[in-house]
Each structure stands twice: as C-alpha cells, then as structure tokens.
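Visitor: The following block contains the structure, expressed as structure tokens.
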Amino acid sequence: MTKGLLSLSLLALTASGALADEIRVLNWQGYGTDLGWSLEAFEAATGHSVVHEYFNSEQEMLTKMRTNPGAYDVVLINAAYTTQAYEEGLLAAIDTAAIGNYAGIPANFAEDPSLVHKGAVYGVPWTWGLTAIAINTQAFDEAPTSLEVLWDPAHKGRVSIRDDAEEAVHLGALATGQDINNIEDLDAVEAKLRELMPQLRTFWASENDWNQFMAAGELDVASYWSGSAARSAGMGLPVEFVVPKEGAIAWLDGLSIPETSEHKEAAAQFIDWMIDPEFYVKWDAEGAPASANADAAAALPDDAFNKRVLGDPEVVKLAKFRAPMDDATREKYLALWQSLKAAQ
Amino acid sequence: MAEVIHAQDRRRLLTLLGPAYLWLTLAVFLPLSAMLFFSFLSDMPGDAPDWGVTLGNYTQFLENPTYATLLWKSLKLGVTVTLFCIVIGYPCALVLAKSIKGRAREALFLMVILPFWSNSLVRIFSWAIVLRGNGVLERTLNWILPFDIRLNLMFTTEAVVIGLVHSYLPYVILTSYLALQAIDDDLIDAARSMGASKLTILNRLLLPLSLPGLLAGAVLVFVPVVGSFMEPRILGGRMGTYYGTVIEDQFVAVYNWPLGAALSFILLAVVLVILGAASPVLRRART
C-alpha cells in the first residue's frame, strides 16, 4: 500500500516536472511580459513559471542570445532585427498551430517579410506603435499637423528628440519627404538635422526623462512613442500625440523562440498568452502599445487611445514601417549623428 | 657573507612588496591589458566568428574628424574646470590652513569633504534640480530680486562646468591644504617682521612653497574631467557631447567595444603626453 502511494506520488512529481517549466523571457524591463498579475494567472492556468532577464538595447539583446545558448525561451525582437537574428541561426521556427490566438493577427503583420523566412514563422507579431511627435497642449492653441513644428522658430529651445542616430535620421528623412528605408539624399537629411540642433533644449533618453521634462515645463514639442504618449497622458500630463502629415516611423515588435530553447512548447503557450485579447485589454488599461492582434484591438473600449488614434485607418496609412538595416548603414547614420552632436 | 645578507634582503623585499604588486597586476594591469587587446580587434570574439586583429580602430580616430573635435572640446573643458577649481579652491585652502583655528576649522573641513562622500550621481542630479528652469536657483533669485529673472542655465556648457567644479573642488582644497599646513607659521612671522606685505608673502612664500600640492590637485582634477561623461550627459543637454560620452556610447549603446577601447587609449596617450610636457614645470615646483 505504502509502496503504491509512494510510486503514485513519484509519478505525480515526474508528471508535474514535465508539465511545469520555468520559462526565461528576455525583454525590455516593464514591457508587458513582466506584469505580476498576468504571470500569476499564467502560472495558475498552465503551471509554468516565468523568469525575466532584461536588455537595454537591441545590440545587447543579440549579444545575450549569442553568448548564452539555452538561457532564454522567449525573446522580444523588433522586426527590424528579426532577419539578422534568423540569419545568424539564433531563432527556431514557431509552430503557429500551437498558438490559438495567432489566427487573429492580420496578414499585413503575420506575413511581414522580416518575420517569415522560407515559409516558416520566426516571430509572432505582438505589438506595434508609432514614433512621431507629442505636444504640450498648454503651449499650442491648435495641434500642429506637420513635422515642421520642430523647426518652428516660435518653439526654439523648447524642442527635444531622442538621442538616437537611427531615429534622428528617420525624422530627417520624413521631414525632407524621403522614404525612411531608402534614403537617397542623405546630405539633405543632414542639412535638415543641422537646422534642428539649435532648436533643441536637450535630448531625451527614456520615457521617465521625457515625462520629467514635460512636467517641469521645459518642452513644447518632442519626438515620442505612441504607447508612451498614451501612458503620459494617462498620468495626467498635458500631452497629445500627433501623427504629422509627412508620416510617422512605425515599428513592430515580435516574440520569438531561440533555437537553443529547451522549453519550446511552454514558450509557445506563453506567446499565445501574450497575444490573448483578454490579457491585452487589461494591459491596455495600464498603458500598452497597440496590439498586432486585430481581435485584441477590437476588444478595446472605444475611447482607448490604441483604438481611437492607432485604430484610425488614416493614421495607419501614414505609418512607415522600419525595414531591416545593415550594419554599414547603421554605422553611417551613427557617424552622421555624432558629427552633428559634436559640432554643438 | 655579504651575498647572504643580500639574498635575505631580497627575500624580505619580495614578501613585503609582493602583495602590492600582486594587487596591481590583478586590479590594474590585467583589465587594462585586456582592454588594450580589445582595441586591436575588428569585432568582439563572442559577437562575430570572423574577428581578427586590426589597427582600424585607431585609424578611425584619424579618419573621422569628429573624434579629434570632441577630444579638443574635452581638453578645453578640462582646462576650464581645473582653472576654476584652482581659483576657488586655493583661497579656501589658504583660509582653512592659515586663518581659522580649532573647532571652526574642523567644522569647515567637514563641510568641504561632506559632498565628497555623497554619490556623484546624486550630486549631479541635485544640481539638475537647482539649475533647471523654474528650479531652486531661479525661484530663490526671483524671490529676492524685484525684477523677473530667467537664467536658463540648465543644458548649457556653463551647467556642465558648474557641476564638474563642484565635484572636483575638494581635490584641490585637500592637496593645497596639506601643502599649506606644512609651511611653518614662523616663516610667515619672519617675513612680516621684515616688512613684507600680505601680497608679497603670498607670492614669494606661500605660493612657491605650496605649489607641489596645488599642482598635484590640478592634475587630479584635469585627468578625470577630460574623460568625464556622466556630468555632461545629465547637465549638458544638446551641448553635452564630449569625448567621454562618445566612449561611453561605444560601450553601452552601440556595443563597439574595440572602438571604445581604442578611443580610451588614445585619450590616455594624449593625457600622458600633456603631463609629460608639463613635467619640467612639475619637477621645478617640487625642488
């Protein structure tokens, strides 16, 4: 009898060992995957516990994947970097049949050439958003419609952009009417950015920075991310996100599974959880970027920023998605940006 | 017999100096030589399988005028901050060492050192709160003065200089204080009894005798200020791009460790050349 009980409990132990995995997620800190209430619910539903590790830049994320094989099960990768990770053999093909909510993702995201290689999916579209400008509503009677507001002498010394070479060059490309993924006249971009420099009060580096500058009344208008603008406005700051007529830089973040992951099934379950409409509606209440899952976006209340602004077809038309960038171009942009900053 | 003593001496020397050299090797030489090695690589070995040895990181400094511009800007910043530290710090040390005695001196000394014990990041953020628009400084001035005043100091080169001078002032005060302290008061009394004016005493007596301390303080300020990156980044805004911030970018933002290491060693070389050129002056001051 005791023997039977013992073997039964042993069986239970091994069974739970096979079912309950510890999933390791690599992401930016505070970016959706590490919400306490969601992880508790996920563990209650599937038995898998989730541990996080964070990165501070895309380069760091790639380095961590290369140097720690087997350490991660789910990695957040900006679609502009997914192709590079795929080509380095870092990613595993994802079995989308195991992800129930995948059907809700519209084709323009699901078939993104950065995420799909040789017919296999290497990244599940999770969130997207825009990089455009946000204004201090107290400094404007009427919201501007053009990116030229950054160059407006009336706001000299009260403008900010992020200290980031790619973002600066992309803004310059939009302002000079060029394709952000194929800039033909880089000199024009440089000249335009050189004009912008005296307008700037400072550079911002993080959302927290941005909020502090706005709260201190240092800025009238600054480049900003759509999701962050919704969060800042939700905190009570007088902030409004503006999608200028020249267009906005759009980004798409996907969730991928590293080739070396040892818990691929559990990882797929977690990805499914992350694109679940029910999770997204709760997350959006706390300030989330737009979901790439159309079902999730539709589930939002009508006054939600992500439905009201980013759900607007006119806005979607202005979104210019970032394509993958090769290292030579990236270095060229960096050199351009550094020389502009050094000339100050 | 003499040789035996010699060997004994050598053994004693070895056991006494050994720990110090071991520590230097572990804490200074090994990390520094690892960085020197990185500075000659084309890619970090962990990142790219096809890494190799190259001089490219050093030639980049010559090919791209941005780096030279920034180095020059940083050197100018170093000179400015050092001058301000001397102009403010030396008189402070003089008063501390020669005019104030007893309890008051201890209290003042503590006030000089106290900011030194606080974290530098905290100090710089405190300055950001003071200097920014509608910050502590502007409000106080507007409260005292009858007219409205806008300083707009935050995110300017001046703000960077203010923050750096405050951070590094204790070095000059402490080294000058020690040198001034060592000057016998009888010497000053003797000069005074011979009819020397206060200015003559300062110029002919105090300044030459305390010069080694003052110069040591100046070197201690100049070298780290040239490589500073945190203060310009927080207080300088768009003006805050310096040689140090570019090196920092290479390490934390673009992950080009080899280039960052090469730029650091170029900075080290330039600083050594400057100190070498100034060494005759330094040596004369010592004798």
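Residue positions begin at 1 at the first shown residue.
Glycine residues also receive a Cβ, built from the backbone N, Cα and C atoms like all the rest.
Bear in mind that the values here come from a model prediction, so they are computed numbers and not experimental data.
Sharing the features that TrEMBL gives for it:
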DOMAIN    B:71-278  domain 'ABC transmembrane type-1'
TRANSMEM  B:20-41  transmembrane segment
TRANSMEM  B:77-96  transmembrane segment
TRANSMEM  B:108-131  transmembrane segment
TRANSMEM  B:151-180  transmembrane segment
TRANSMEM  B:201-223  transmembrane segment
TRANSMEM  B:259-282  transmembrane segment
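In the displayed structure, how are the listed features positioned relative to their neighbours?
Guide: Among residues of the same chain six or more beyond the transmembrane segment (B:20-41), those with a C-beta under 8 A of the stretch's C-beta atoms are 51-55, 57-58, 257-258, 261-262, 264-265.
Using a Cβ-Cβ cut-off under 8 Å and counting only residues 6 or more beyond its ends in the same chain, the transmembrane segment (B:151-180) has close neighbours at 77, 80-81, 84-86, 88-90, 92-94, 96-98, 112-113, 115-116, 120, 123-124, 127-128, 131-133, 135, 137-138, 141, 206, 209-214, 216-218, 220-221, 224-225, 228, 231-232, 234-240.
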Visitor: Mind pulling out the one from B:77-96, B:201-223, B:259-282 with the most Cβ pairs under 8 angstroms to the transmembrane segment (B:108-131)?
Guide: B:77-96
Visitor: Which sequence positions outside the transmembrane segment (B:259-282), separated from its termini by at least 6 residues, show Cβ-Cβ distances below 8 Å to it?
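Guide: For the transmembrane segment (B:259-282), the far contacts come to 35-36, 38-40, 57-58, 60-61, 67, 71, 75, 212, 215, 219, 222-223, 226-227, 243, 246-251.
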